[in-house]
Amino acid sequence: MNQADPRLRAVCLWTLTSAAMSRGDNCTDLLALGIPSITQAWGLWVLLGAVTLLFLISLAAHLSQWTRGRSRSHPGQGRSGESVEEVPLYGNLHYLQTGRLSQDPEPDQQDPTLGGPARAAEEVMCYTSLQLRPPQGRIPGPGTPVKYSEVVLDSEPKSQASGPEPELYASVCAQTRRARASFPDQAYANSQPAAS
């Protein structure tokens with residue numbers, strides 16, 4: 001018992017010589033090696049308790065929000081109780097943002113980077129309806145292939161004949177028009193004239 005652990009001796013020596021130990025406390029006030037008791041460092045223990053409490057409250061809030069989100073978007077159910085297969089998906093960004101198919105967005109929902117209503121009137125909206133295959137006695141998995149059905153072109157006459165092509169999502173018609181404009185005398189855009 002005469003031989004004490006050198007690390008414990010160093011900790012006790014440091015603790016005794018520190019300013020916190022000038023009150024006459026001894027090494028028995030340590031909970032473990034290097035961890036002060038509540039009476040020595042009550043401020044640190046209060047801070048640790050507050051941080052732990054905030055962490056637990058945050059964890060509970062996130063878990064409740066996550067479970068609420070999962071119950072709303074139950075797999076196989078749409079917004080109004082319909083199955084996912086009955087709700088068509090559109091590749092048009094404006095439709096995804098507003099839920100409406102109108103050409104002119106409301107003034108409070110306009111994106112200032114798009115150029116306002118003048119550009120919105122010039123754009124050609126081209127979107128596609130993606131329909132999933134109906135389940136045959138089972139819930140479709142994440143690897144179920146998507147059947148591409150129809151492509152609908154909703155266009156208005158443009159004031160400018162040659163302008164930049166609008167940004168379209170899921171658009172086949174715009175690529176076809178570009179290919180015809182680039183190679184009017186060739187059957188395909190990527191075909192090259194034969195070398196003679």
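Using the three backbone atoms N, Cα and C, a Cβ is placed for every residue, glycine included.
Quick caveat, the model's predicted, so the values are computed rather than measured.
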Annotated phosphoserine residue, as Swiss-Prot has it, among S22, S80, S155, S162: S80
Feature region 'Interaction with GRB2' in Swiss-Prot, mapped to one of the ranges 180-183, 188-191, 192-195: 188-191
Among S71, S102, S159, residue with annotation phosphoserine (source: Swiss-Prot): S102
For the region 'Interaction with GRB2' (90-93), the mean pLDDT of the predicted model: 53
